[in-house]
Amino acid sequence: MNTRLLLVGCGKMGSAMLEGWLAQGLVASNVYIVEQTEAAEKLQTSYGINGITDVKDVPKDFSPQVVLFAVKPQVLPDVIDAYKPLARAETVFLSVAAGKTIEFFASHLGENARIVRAMPNTPAAVSRGMTVMCPTENVSIAQCNMCETLLKTVGLVSWVEDESLMDAVTALSGSGPAYIFHLVEAMAQAGQTAGLPAEQAMLLARQTVVGAGFLLDSSEETAETLRQNVTSPGGTTAAALNVLMDQKS
């Protein structure tokens with residue numbers, strides 16, 4: 001992987017991506033990371049990449065193919081204008097900052113900037129994420145492929161052409177992990193209410209969700225079929241599902 005990359009911010013998400021890229025052969029000398037002084041020095045020592053504290057420190061002979069914004073959304077308005085000079089045809093701006101629209105980036109980087117908005121989710125931190133991306137019309141196929149290769153290191157990637165769908169993406173896969181975590185909490189609490197010790201109830205709830213997810217991932221069956229396979233007519237699972245489905249309706 002010879003992509004010339006400028007990574008802006010290297011927190012949990014940025015670090016997960018960086019480790020994935022390096023593991024897949026990204027040339028460390030092709031990466032510059034903009035971070036605070038102490039973090040930049042640590043990254044340089046740990047990974048052998050170029051840690052800098054300001055975009056102005058990027059060498060003039062280094063022309064990034066991808067500028068990836070991985071800073072917190074609330075920080076972005078304070079730093080993004082400094083990257084406008086990098087807006088040229090050979091450079092694509094890729095953002096994983098939640099809630100920041102293409103219009104936001106275009107207003108700061110210029111209307112001709114090539115922009116890809118991405119919405120990952122937190123399992124990306126363990127390379128099990130789901131990322132959905134939306135490009136501007138001027139992003140080339142080659143640039144889309146570069147962005148996809150980078151984000152595939154932390155999970156699966158899908159694309160939408162209509163940015164308005166990113167709201168649905170955020171609600172489904174972006175926020176989805178929180179729904180699953182709440183399900184685990186609710187299952188564990190129900191187990192406690194039924195008399196199980198708290199630690200055991202949580203163990204059962206966690207492993208049930210982890211195991212079911214792994215089964216779904218490794219099976220060719222649909223979620224509906226897998227549900228039906230574990231549901232005996234007139235049994236306890238069917239009774240519990242009837243309660244859930246009645247509440248849904």
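Yeah, the Cβs are placed from backbone N, Cα and C, and that goes for glycine too.
The following features are taken from TrEMBL:
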BINDING   ALA70, VAL71, LYS72, PRO73  NADP(+) binding site
DOMAIN    7-99  domain 'Pyrroline-5-carboxylate reductase catalytic N-terminal'
DOMAIN    163-247  domain 'Pyrroline-5-carboxylate reductase dimerisation'
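Structural mapping of features recorded in TrEMBL.
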residue	record	contacts (Cβ under 8 Å, 6+ apart)
ALA70	NADP(+) binding site	LEU7, VAL8, GLY9, CYS10, GLY11, MET13, GLY14, MET17, VAL96, ALA97
VAL71	NADP(+) binding site	VAL8, GLY9, GLY11, VAL79, ALA97
LYS72	NADP(+) binding site	GLY9, GLY11, ALA97
PRO73	NADP(+) binding site	ALA97, ALA98, GLY99, LYS100
(message) I'm checking region-level scores; what's the whole-number mean pLDDT for the domain 'Pyrroline-5-carboxylate reductase dimerisation' (163-247)?
(response) 94
(request) May I have the list of same-chain residues other than ALA70, VAL71, LYS72, PRO73 whose Cβ is within 8 Å of the Cβ centroid of the recorded NADP(+) site, in sequence order? (result) GLY9, GLY11, PHE69, GLN74, VAL75, LEU76, VAL96, ALA97
